[in-house]
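Among the features that Swiss-Prot reports, (6S)-5-formyl-5,6,7,8-tetrahydrofolate binding site is placed at R23, E80, K120, K454. Here Swiss-Prot flags 216-377 as domain 'TrmE-type G'. For 226-231, 245-251, 270-273, 335-338, 358-360, the entry in Swiss-Prot reads GTP binding site. The annotation K(+) binding site is assigned in Swiss-Prot to N226, T245, I247, T250. Under the heading Mg(2+) binding site, Swiss-Prot lists S230, T251, citing sequence analysis as support.
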Amino acid sequence: MSTTDTIVAQATPPGRGGVGILRVSGRAASEVAHAVLGKLPKPRYADYLPFKDVDGSTLDQGIALYFPGPNSFTGEDVLELQGHGGPVILDLLLKRILALPGLRIARPGEFSERAFLNDKLDLAQAEAIADLIDASSEQAARSAVNSLQGAFSARIHQLVEALTHLRIYVEAAIDFPDEEIDFLSDGKIEGQLNGVMADLEQVRTEARQGSLLREGMKVVIAGRPNAGKSSLLNALAGREAAIVTDIAGTTRDVLREHIHIDGMPLHIIDTAGLREANDEVERIGIERAWNEIEQADRVLFMVDGTTTDATEPAAIWPEFMARLPATLPITVVRNKADITGETLGLTEVNGHSLIRLSARTGEGIDLLRDHLKQSMGFTSNTEGGFLARRRHLQALETAARHLIQGHEQLVSAYAGELLAEELRLAQQSLSEITGEFSSDDLLGRIFSSFCIGK
């Protein structure tokens, strides 16, 4: 479809409502205004007018707003018709507009895509629109607004600018090798490179927290039957989400709860007790449990404190630990402290976190909540923070890898050409975040996930 067509779509959710909005963008927006309104409204002023059908009869009446390009959201001429929110009325008005020559229904996200293509916002800001709509907490919404206002993009532009200056310096050293000063070995380039690498690492840290706010942390509760996994799920969820009995193997399928801890979204997953299955249904449940464990951001290894005094995971259940992915973070949760009399608290044991609590009474649950926040580097202070997507994290990781490789070339061989190439690749990876170097396929995937009227 052509990006020069004039597009129209409903900008409010489908269904009944007090107000329904149709948005038109493109060179024929003024023609739509003359046909439906009988006049072109004064730019950026609200005008209360009847909306006319082709025969002159009134379909509805409401507010019309006209924004001539480039001073509009999309950078094109934009007309918004704000009428009553009945689906029949909106459908009649939409059909009236589509009957005009050169008009078509907008693709999902096409208004935002045109804003991007017309340099009204960059790709990270465009994605922030969708993230703001989908925000599941106040902090996620505030961070999405920061991204929309350019907080994330500004950090990326600073890094790109620093890399540009560094590339100029490196390439000058390559082009003028006969100068008395060896620019590659005098330490100045390495100092600048180290500074950029440190700044990039700080942005990566903030982006990881932004991704956490957007997507949530996946925490899987795993362990033997009757260790208290479902009781812990209920305690974290604050409700009876799972059935709890003294019968081993009560939980046979995966149970999911979505909760927030101080604005941080968590996906808590309760799984079937791990043991040799007694029947086919239990076997399937245990297989699903392992699938969830392998995809987790963190595992809460639930231990019945009345059955063992051990605190090291390998000593508690070596076969379980042997099957876990080596890089998967684990927190050992010694449950039933109300029975064993153990002191509630969090400690570190040989690189693993250990927490003593009682899922039945709720004692120690607040300690676990704080631990989950801290383990993911989450802080309650997100003022100035931004949201990030997985593609952003991947681009930042790629850029960091190129800078590390460039640093190795510099300190080991003073290989200016190789360093310059690594700097260029790092710069390109960063520019993909804001859309300065992005394939049409990537843009299509991003904007297709938006609402129709966005």
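Every residue gets a Cβ built from N, Cα and C, even glycine.
S358 (GTP binding site) sits 55 Å from R23 ((6S)-5-formyl-5,6,7,8-tetrahydrofolate binding site), counting Cα to Cα. Of N226, S230, K336, all annotated as binding-site residues, the residue with the shortest Cα distance to E80 ((6S)-5-formyl-5,6,7,8-tetrahydrofolate binding site) is S230. Neighbours of S230 (Mg(2+) binding site) among the binding-site residues R23, K120, A272, K336, defined as a Cα within 10 Å of its Cα, are A272. In the predicted model, residues of the domain 'TrmE-type G' (216-377) average a pLDDT of 83. In this structure, of the binding-site residues R23, K120, K229, K336, the smallest number of CB atoms within 10 A of the CB marks K120. All chains included, 21 other C-beta atoms sit within 10 angstroms of the C-beta of E80 ((6S)-5-formyl-5,6,7,8-tetrahydrofolate binding site). Minimal Cβ crowding within 10 Å, among the binding-site residues N226, S230, S358, is found at N226.
Using a 10 Å Cβ-Cβ cutoff, A272 (GTP binding site) registers 27 neighbours. Taken residue by residue with DSSP, R23 ((6S)-5-formyl-5,6,7,8-tetrahydrofolate binding site) is part of a strand.
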